[in-house]
């Protein structure tokens with residue numbers, strides 16, 4: 001009758017592959033399908049009505065209702081009637097606060113709106129009694145035939161009370177598709193996309209954040225920078241370059257930022273492009289206001305040593321590169337065996353394999369400098385080093401002659417202060433050694449020269465007055481004495497007069513004897529005779 005099975009329970013166990021008895025537990029396959037995909041939903045406004053309705057249905061007996069127009073029906077004792085068609089199988093189990101739906105292929109739910117109190121799977125405590133009745137299907141199935149009717153009855157009152165107590169602990173935030181409740185104050189969650197019950201037809205979504213999240217300053221917005229207090233800790237071994245204190249970086253320093261120094265002269269207040277000590281890229285000299293570069297442009301220079309464009313042989317980088325093995329002063333040390341090129345060759349300009357950066361034909365990333373060869377073509381001897389030093393000295397003389405020698409710039413403020421303190425220390429030590437420090441020889445000579453010059457001026461003042469304003473004829477003794485005085489003063493003249501005499505000697509030989517005779521004659525004559533000599537050529541001219 002039951003296909004080789006003695007009872008209907010054995011037939012159902014073999015049909016649903018359940019080893020345990022159907023009276024003791026729910027079919028495992030059905031339970032797995034129900035709990036595999038669970039969706040929560042709730043109708044808050046009908047929650048109280050469902051509780052009272054469920055209590056009445058729990059006390060009532062099992063009911064099975066089959067409509068003639070339906071194809072397949074499964075009736076649950078504590079729930080509404082569920083319609084199943086041949087193409088779809090749907091089982092709906094609902095709790096007092098939520099509805100659990102399991103979706104499979106060709107599954108549709110058609111629940112009656114009148115009875116919304118469902119039977120409940122109580123989280124692995126479903127039922128103590130399960131009654132199943134199976135009717136044998138007819139050979140020719142019609143739309144009105146019934147395949148299965150499964151009735152689940154919960155008869156224990158203690159389990160109902162336990163399930164009701166469990167449902168009381170369920171809050172609205174645990175369920176999707178619900179509104180914000182005043183009771184949901186015990187959790188910190190950012191609920192997103194919760195819809196209002198009144199705006200179900202609309203597409204508007206109410207976005208809200210819990211008050212506790214706002215108080216705790218928890219947000220999902222990514223900050224623009226790092227936290228301000230991230231590096232302010234005692235255990236951090238970070239030193240600030242702005243205030244020289246440990247525990248934070250310069251970007252998080254509370255003190256104002258220092259002015260950036262220039263990379264050329266290390267002074268603050270200007271940058272590289274406004275530096276007065278900028279150098280010319282062609283001649284490598286400081287670019288002053290009167291600087292005129294007579295060198296060729298860098299793209300017209302070609303080195304005779306490495307055959308690269310941009311410099312001459314005396315400024316080739318191979319000069320300092322050849323000292324890679326030298327550890328003692330003297331000529332560079334040569335390697336015993338020449339080093340071969342490596343097999344893996346990459347370009348620093350285009351990042352391709354097979355060539356070096358100075359051989360690359362692609363566009364340069366940095367156009368202000370020309371590429372140089374990384375290899376060493378020759379090592380210098382003592383003779384080569386001496387010849388290069390001579391050329392450098394000769395070039396330095398030419399620069400000094402043209403006036404293009406770089407002037408000395410002011411020292412930075414830090415070095416001046418250090419020098420000032422150092423001088424003060426020296427003066428203290430010198431005061432202890434000798435109370436009256438000795439002056440240098442140069443300062444002593446300058447002082448003696450100044451004193452002698454003052455004496456000569458005093459001696460010359462009366463002589464000049466007598467010559468300019470003579471007081472009649474004087475005896476020969478007085479004239480001889482006066483003539484001797486200027487001779488002494490001429491021999492003891494200052495250094496300025498000596499230079500002037502040297503300039504006069506460099507003049508033509510014809511002008512020199514006339515001036516000398518005129519000076520010798522004028523030294524012995526009076527002012528009256530001198531004036532007569534000046535008037536004679538005027539009279540002769542007429």
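For all residues, glycine too, the Cβ spot is worked out from N, Cα and C.
Swiss-Prot lists 112-126 with the feature compositional bias 'Polar residues'.
Per Swiss-Prot, compositional bias 'Basic and acidic residues' is recorded for 412-421 (among others).
Taken from Swiss-Prot, the feature compositional bias 'Basic residues' applies to 422-435 (among others).
Taken from Swiss-Prot, the feature compositional bias 'Basic and acidic residues' covers 436-456 (among others).
If you look up Swiss-Prot, you'll see 474-489 marked as compositional bias 'Low complexity'.
If you look up Swiss-Prot, you'll see 499-510 (among others) marked as compositional bias 'Basic and acidic residues'.
Among the features that Swiss-Prot reports, compositional bias 'Basic and acidic residues' is placed at 518-528 (among others).
Feature annotation from Swiss-Prot assigns compositional bias 'Basic residues' to 531-542 (among others).
Sequence annotations record features per position, and here Swiss-Prot assigns SUMO2 cross-link to 129 (among others).
Positions annotated as SUMO2 cross-link by Swiss-Prot, on the basis of similarity to another entry: 136 (among others).
The annotation SUMO2 cross-link is assigned in Swiss-Prot to 236 (among others).
Just so you know, the Cβ of residue 251 (SUMO2 cross-link) picks up 13 other Cβ atoms within 10 Å once every protein chain is counted. In this structure, residue 251 (SUMO2 cross-link) is part of a helix by DSSP. The annotation SUMO2 cross-link is assigned in Swiss-Prot to 251 (among others).
All protein chains included, residue 336 (SUMO2 cross-link) registers 6 other Cβ atoms within 10 Å of its own Cβ. When secondary structure is read from DSSP and collapsed to three states, residue 336 (SUMO2 cross-link) falls in the coil class. Positions annotated as SUMO2 cross-link by Swiss-Prot: 336 (among others).
Taken from Swiss-Prot, the feature SUMO2 cross-link applies to 410 (among others), supported by similarity to another entry.
Feature annotation from Swiss-Prot assigns SUMO2 cross-link to 432 (among others).
Annotation comment: Swiss-Prot describes 474 (among others) as SUMO2 cross-link.
Taking the zinc finger (345-362) as a whole, pLDDT averages 90 in the prediction.
A separation of roughly 52 Å, to the nearest angstrom, links the Cα atoms of residue 251 (SUMO2 cross-link) and residue 336 (SUMO2 cross-link).
Spacing of residue 336 (SUMO2 cross-link) relative to residue 531 (SUMO2 cross-link) is 93 Å (Cα to Cα, whole number). Note: the zinc finger (301-318) comprises 4 helix, 2 strand, 12 coil (DSSP; helix = H, G, I, strand = E, B).
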